[in-house]
Structure formats: structure tokens, C-alpha cells
């Protein structure tokens, strides 16, 4: 411990010497010793005088000095204020005027005219003439003018020289000021640093002094404990130290134990002392580190200020002298600005390029999407073409079947004008009701549908001319045998109701029915032996016939006859006006209708009144079915063209598959139902009634085999009938 104390004392002496050096440096800078502390009271007295600070004491001192010094008397303050002073001045002026007025009244001054008088023009002209005439005056004027010009030039030169000198002087003064400021800053920095060093040294001295004191105390404590170790310490507190007069083994053990305990205490105390000294050393280190950081920051600030001052000086020098360095710096600055502008421009160009790339990508994606849509449309176009071809084929099949039905009906019955004139009346009776219903529901569609039917008939005739050998097609037989009136109505209704409808459109009139083919009854199917397999396999489509209320017609009204005849004549005239081909098609259709009516008339003449009504109802249903089939083709084509315009290609495919399935199922159901209906009718009918259809069948077969007329003869007859009408 003695060694540690000596080392600390040596450090303390060194610190004191360094502190003395710092004080000497401060004395050199400031001119006074920092250790000389002046008393505060003396400072205050020197500053403020006996009054003790600012206030009335200083004023009293000043007044005393002014009064005693023999100088000018001090100005006395007017306590009344400025207004009173102004008023006093006015009063003094008035008094002075009053005193001077009587003197002026006594001595009357003479009135003098003004000395400023306008000179006459004649006199000035004379003077000018005199001056021009004198040569001496001219010379004198020239001399004076020359002197004036010379003096002015001299003044000008002197002024320019003075300005240059003033500029130089200003430059020198500015430089001196800058140098003085720099020196002053340096002095301040040195002074600050010295004072900071002084403070740091003082803190170090204090710490060293504390360490020395602690070390001395530790040494004293160690010396004291070294003496105590020789004694036995009691276990109880306060501890007592004793030594027995004679040592025994028990006391020897106690001495050893007490020495162990005391040594442990000494070790603990030494460790604590060392830790405390380390802590004391760490505190000034931290403070010194903080001070160093502050110094570094201050030095940086000073350097920045100096650089700013130098830059300002350079700028001023360059502006005043106009050296080449200014141009070089300006060029460098311009190059730097150009570089920065180039960098900014390059950044902007990069951004523009990125935007352009994004736009190009978007345009490419849009073009790809358009190409895909075009491919899809092209793929859908052949599907539409296939749909159109299928429609045309289906329409051809239906038209051919209609022609076969008409030809068979015409061939089965002999065309006679008398029978047609007689039997036209019941047919027109039955046709009036559906026409009325159609007009009430859709009167605007008759003309359109009639034109479409005429166009289709023209296409038929062209195809017939191109194809000389028509294919053999199934022959449609007339409908099942007629039965009495009470049973005819319920049988006609089940035929129309159970048949499923393929199209989802609302059927308001018979012209807008779907494509359909009349299914012959089972008895007729058995008799037809010359049917082709193609026609048997053809899928049969259902028909929704308009339900016509069939009533017994025993008396025919003349009014209905005239109305129906006029309608048929007007239609025939319109068709004759359009074209000859259309008139031919219309005449063929009218002849077929007349033939059907004549067949119904022949059957009705053989039976009673009830059988007549049933046969007429069957003929009307057959006629209406033929009309429905013709109109259904046009309506189906219209509906499909509309759906094609809407672009529901996928829906069409799905519907076609579903329609084909339904047609197959509906054809089977109809065959079963027709067979069931025929069997039920046979059971319900009596033996007498069942004999009548057998007669009719024999008549129709004989007429078929014996009497067949060519199409040309039929066309001629129809033309003659149209001309007669």
C-alpha cells in the first residue's frame, strides 16, 4: 500500500505542474492570472459607484460631477411636460411682440418697391449684338470655355483614380477585417481549450487527492488491523480482542480462527478499495471523452466557418478583379451543372423508356386478346354455316313431305267443279275461326308469312324443274274414320294436347308453329307398304295444332260464303300481280285445298248429317295441319335467324342435342298414343259406324289406282280457276 500511495503522490505532483503551465498560457492570452479572484463587492463598486448598481446613485454622481467640475450646468427637467413648454414659448413670443409693437409705431419705415424688375427685350437684344460684334469678347469666351473644359477633365480623371484607390483600400480593409476575425476566433478557441484543459487538470488533481487520502486511510487501517490480528476476537458484538496469560490448545484454536476471519475481512476490504479507485478513474475518463467530442464538434464548426469566410473572400475578389480563375470556376460550375442536368435528364429518359415499355406490353396483350377473339369468331362461323345447312335440309324435307301430302290428296279424289263449289262452304266455315283468331292475336304477321310461303313455293318449283325424277316418298292417308259429333271433340283434343312442343316461344298463332311432320294413324301405316326406310327413320317432330271448336254445320249462311270468297279472290289477285311463279304456287295450294274439301264432301254425302259434320271437321284439321306445316317452316327459320344474330352458339348445340332426344321420344310416344287412340275409338264406335271407314278406304284406293292426273294438267286447271275468279 505504501507503494501505491507514493505512485499516487507522484501523479498528483505531475498534475499540479501541468496545471501551472496551463495557467501561464492563460495569463499570456488574457493578461491576468486565472487564480487571482477579485472580490465581488469591489467589482460592483467599480461598476456602479457608491449607489450600489444602476439607479439614482449614478445620476447623483453625474449631477455632482457636473456641478462641481465647473462645466456647463446640467439641464433641469421640466416636470410639467412638453405641452407646458410649448405654451410657455408661445407666451414669451406674444410678450416680445407686445413690447416691440409700440417702437415700430413711433418710427414709420418708407415703403420700397421690389428690386426685381423685368428687363426690356430691346436692351437684351442690343447686348447680344454688342457681344457678337466684339472680337475681344469672343476670345475671352473661348478662353473661359477652355478653362472650364480642362477643369472638368481633371476632375473626371481624379474621380476615376479616387474610385480605384477607394476600391483597393476597401479590399485591404476587408482582408484585414477577415484576418482580425480569424485571429480573434483563434484566440477564443485557444482560450477555451486552455480553460478546458485547466478544468480537466483540476478534476484530475481532485481525484488524485481523493485517491491519496483513501490510500492513506487504507494504510492506517491495515496498520491497525495488523496489530489486532495477534488477538482473539469474540464472536458476539461488539467484538472484543483479548489474549490469555497462558496459551492452551483451546486458545490456540481460537486465535487461528480469529486470524482466518480477519484475513478474510482484509481481503474483502482490499477488493472494495480497488473497485472504488477504478470507479473514480472511470468518471474523469467519461468526462474527458465527452469534452473531446465537444471539442471535435467545435473544431468542425470552426473549420466550416473558416471555409465559408474564405469562399466569400474569393467570390468578392473575383467579382472585383475579374481574374481568369473566375472564368475557370464558372466553367467548372457549369460543367457540374451540366453533369447534374445530364443525370436528371438520363433519369427522366429512363422513366420515359420504362413507361413506353409498359405501354407496348399493354398493346401486345390487347392485340393477343383481339386475335384470340377473332379465332373464336372464325371457329364459331363454320358452326353457324353448318347450322344454316342443317336448317335448309330440314326445310327441304318438310317441303317435300308437304308436296307429297298435297299430291296424294289430289290424286285420291276426282277434281270436279260442282263438288268443289258445293263443298267449299263447310271448309270456309271451319277456316274462318282460326283466321279470326290469328287476326286477333297477330294481324301484322300475315303479309310477312304469306310472302315467305310464296318464296318457298318458288324454290320448290325450281328444284322440281332441276330434278326430273322425284324420289318416292311416303303417301299420307286421310285421317281416321269419322265418328259421331259427341265423340269427335274429345278425340281431337287428345291429339293436340299430349304432343310435346319443342320450341320455347309462345305460340300465339298457327303460323308460328315449330317444324313438324304429320304422323299418319296406325291403320294407314299398316296399309303403306311402299315406304322407303329413309323416311321411316326420319325423326318425327310434334305439332301443336290450334284447338278449333268443331260444331255441326247444318245450315250455311250466305254472308260467310261471300266474305270467304272475296278474301280468296283478293289474295289470288295480289299473287297474280306479284309474279306468275307465285300465282302458280298459290293455285296449286288452292287446288289442293279444294281437292281436300271435295273429298270431305264426297264422304259427307254418303253419311247422315252427323257424319257430315265429323268429316268436315277432319278435313278442316287436315287443311289447317298442312297450313301449319308450311307456316312452321317460315316461323322456325325466323326464330333461328334471330337466335343466330344474338350469338348463342353454345346454347344452340345443347338445344339441338336435347331436341333430337325429345323428337325420338316424342315419335315413340305418338305412335303408342295413336295406336291407343285408334283402339279406343274402335271399341267405342258401333258396328254400323265401323263399316263406313271401310267403304271410304275402298273408294280412296280405287280412285288412287284408277285416276291419277299429271302435275301439268293440275297447274292448267288451277290457272283456269284463277282466271274465272
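For all residues, glycine too, the Cβ spot is worked out from N, Cα and C.
Swiss-Prot assigns the feature coiled coil to residues 444-467, out of the candidate ranges 420-443, 444-467. Looking up 54, 91, 660, 697 in Swiss-Prot, the residue bearing an annotation of omega-N-methylarginine is 54.
In Swiss-Prot, the annotation phosphoserine falls on 66, out of 66, 120, 412.
According to Swiss-Prot, of the residues 288, 380, 488, 702, 380 is the one noted as phosphoserine. Across the range of the compositional bias 'Basic and acidic residues' (710-725), the DSSP-based residue counts are 14 helix, 0 strand, 2 coil. Around the Cβ of residue 237 (N6-succinyllysine), 6 further Cβ atoms fall within 10 Å across all displayed protein chains.
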